[in-house]
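**Student:** To start, I am sharing the structure in question, which I have written as structure tokens.
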Amino acid sequence: MEQQRLQSLDALRGFDMLFIMGGSSFFVALSKFLPASICEAIARQMEHTAWSGFTFYDMIFPLFLFIAGISFPYSLSNQQAKGIPRKTIYLRILKRGFILVLLGIVYNGALQLAIGEIRFASVLARIGIAWMVAALIFMNVNRLGRGFICAFILIGYWLLLAFVPSPEAGGADPFSMEGSIVGYIDRIVVPGRLHLTIHDPEGFMSTFPAIVSAMLGMFAGELVKSSAEKLTPMKKVGWLLLAGFFLCIAGKAWDVVFPINKNLWTSSFTCYVGGISMILFAVFYMIIDVWKYRKWTFFFTVIGLNSITIYLAQRIINFDGISKFFLGGIIKFLPENLAFLVSSIGYIAVCWGFLYFLYKKKIFLKV
């Protein structure tokens, strides 16, 4: 029997993608228009940290990977219920991973640049590889074994970075861009151009803890999908919240000796953002799928059902130009701060309108 779709998952994915779709610019614009301390504090959360540290914007990517993990137990169960052979499921997993890697390379301009100038590492490639490996582990290892694998990866990654610095930067902080073994190995094994010249935040080494981010999502999906009688929906919410708070505390504690760092995707970062992701999912699941308050989610759901589409489309379609075509005449008469705010709202509206058109036509890009 096919599992019912988690509506909270589409809404949470849409909430996450909204910040890629102009939401971050909206809050920055709002802080300029309303220079209140709370608006300015939110605006500061809408950009990545330079190196170590954490902002809300740092968790947009790992949250998406976590969400991709949540959906896999449902997808696997549905395929097995339809009698799809195990070999075919494996091939589908590998195919999805390969397509995402390929789309990531195209997104980075592979069709325009010479081979040596192409950045092969990408956000989509990391999602594809990390999700693919996590899915293969999920299919072949029991829950306890997967827990040990997560611990082994996170602890092993920490020990590697702490005790094996880059041989090219003697004496440098092993957790710095110059002194990290991560950048050194990436310079050797990752082809093409690295995003930060000597380091790539989506490089080879830091993909290993990202696999754990996807696996944490699969643990969450497996819990919510469970049909055990003792696990009522609200008990599932409770377990998600408990796990989320535990991971956040573990991440902050680990931060003392292994800094929270998105660029290195450190083990402390993995735990901390995994905890926040777990808590966010618990809240969305409780409100939408348990309490059935769903009308407010439509705006986010339209985005969430075509998340990869809007990510790629913003690279290809000039949504900003379309927004200016309709609002440019009004914007030029507005004060600068208000013009920035209206422009950011216009951009989001055009992107959402594009996705709504696809939604009405039932066009969804599935990878």
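The backbone N, Cα and C atoms fix where each Cβ goes, glycine too.
Okay, so TrEMBL annotates it like this:
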type	residues	note
TRANSMEM	12-34	transmembrane segment
TRANSMEM	54-76	transmembrane segment
TRANSMEM	97-115	transmembrane segment
TRANSMEM	121-141	transmembrane segment
TRANSMEM	148-166	transmembrane segment
TRANSMEM	203-224	transmembrane segment
TRANSMEM	236-254	transmembrane segment
TRANSMEM	266-286	transmembrane segment
TRANSMEM	298-317	transmembrane segment
TRANSMEM	337-359	transmembrane segment
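Have a look at these and tell me how they're positioned relative to everything else.
**Tutor:** Note on the transmembrane segment (12-34): residues 40, 42-43, 45-47, 57, 60, 63-64, 67, 280-281, 284, 297, 299-305, 307, 310-311, 314, 337-338, 340-341, 343-345, 347-348, 351-352 of its chain, located 6 or more positions outside it, place their CB under 8 angstroms from a CB of the stretch.
Under 8 Å from some Cβ of the transmembrane segment (54-76) lie the Cβ atoms of residues 3, 5-6, 9, 12-13, 16-17, 19-20, 24, 44-48, 89, 123, 126-127, 130-131, 134-135, 138-139, 210, 213-222, 224-225, 260, 262, 265, 269-270, 272-274, 276-278, 280-281, 307, all in the same chain and six or more residues away from its ends.
Listed as Cβ neighbours of the transmembrane segment (97-115) (distance under 8 Å, sequence separation of 6 or more from its ends, same chain) are residues 121-129, 131-132, 192, 308, 311-312, 315, 367.
Sequence-remote contacts of a segment are chain residues at least 6 beyond its ends whose Cβ falls under 8 Å from one of its Cβ atoms, and for the transmembrane segment (148-166) they are 137, 141, 172, 174-175, 178-184, 208-209, 211-212, 215-216, 254, 257-258, 264, 266-267, 270-271.
For the transmembrane segment (203-224), same-chain residues at least 6 beyond its ends with a Cβ under 8 Å from one of its own Cβ atoms are 6, 62, 65-74, 121, 126, 129-131, 133-135, 137-138, 143, 146, 149-150, 153-154, 157, 181-183, 185-186, 189-190, 194, 231, 236, 239-240, 243, 247, 263-267, 269-270, 273-274, 277-278, 281, 285.
Within the chain, the transmembrane segment (266-286) has long-range Cβ neighbours (under 8 A, six or more residues past its boundaries) at 6, 8-9, 11-12, 15, 54, 58-59, 62-63, 66-67, 70, 154-155, 157-158, 161, 175, 209-210, 212-213, 216-217, 220, 224, 233-234, 236-237, 240-241, 243-252, 254-255, 258-260.
Among residues of the same chain six or more beyond the transmembrane segment (337-359), those with a C-beta under 8 A of the stretch's C-beta atoms are 18, 21-23, 25-26, 28-30, 32-33, 299, 302-303, 305-306, 309-310, 313-314, 317, 319-320, 322-324, 326-327, 330-331.
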